[in-house]
Amino acid sequence: MKSRNFMPLIATFSVVLVGIIALLFFLPGYKGSLGFDVTIFPLLNAIFNGFTFSFLLISLYAIKRRNIPMHRNFILCAFTTTALFLVSYVIYHYLTEPTLFGGPTALKYVYYFILITHVLLAIVNVPLALISVTRGFNMQIERHRRIARWTMPVWLYVSSTGVIVYLLISPYY
């Protein structure tokens, strides 16, 4: 059975997703009353990122032990919490204005370094994760391994720094 080429779909989805997120910072957001505190969304995002990080570590442990079913299941969990994060992130940034960091100058440099590397690697991670998951589920083992060697550390960095960014910016919501 010939495996399908998902690259055009992955490329299209990645560009559209990054485009939607970029547009959120230029389009006018929702201006009505919501009836609840929207700052719950950044906390949810940090929780989703924390779970993603944990699931990725467990999946890495599983594959090192050659436990492919466990690896697959925890990658699916990480993929799910990442998707939930993206939905929550888009909703929050549609509903609110950007929050500015208000800490001391020295910490501000650390914050912006972490934030910028987090955002840039998150953009890179979208197609990497999609390609890795697609190749893994299609049992293209060698091709999966080649890209997963890059995807796993990037995804771990993005999910861990997502929590750190939240911890640094949360006093200013």
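For all residues, glycine too, the Cβ spot is worked out from N, Cα and C.
Per TrEMBL, these features apply:
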{"type": "TRANSMEM", "residues": "7-27", "note": "transmembrane segment"}
{"type": "TRANSMEM", "residues": "39-62", "note": "transmembrane segment"}
{"type": "TRANSMEM", "residues": "74-95", "note": "transmembrane segment"}
{"type": "TRANSMEM", "residues": "110-133", "note": "transmembrane segment"}
{"type": "TRANSMEM", "residues": "154-172", "note": "transmembrane segment"}
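Distant neighbours of the transmembrane segment (74-95): 17, 20-21, 24-25, 29-30, 34, 38, 41-42, 44-45, 48-49, 51-52, 55-56, 58-59, 62, 129, 133, 136, 155, 159, 162; these residues of the same chain sit at least 6 beyond its ends, with a Cβ under 8 Å from one of its Cβ atoms. Residues 42-43, 45-46, 49-50, 52-53, 56-57, 78, 82, 85, 99-103, 107, 110-111, 114-115, 117-118, 121-122, 124-125, 128-129 of the same chain sit 6 or more residues outside the transmembrane segment (154-172) yet have a Cβ under 8 Å from a Cβ within it.
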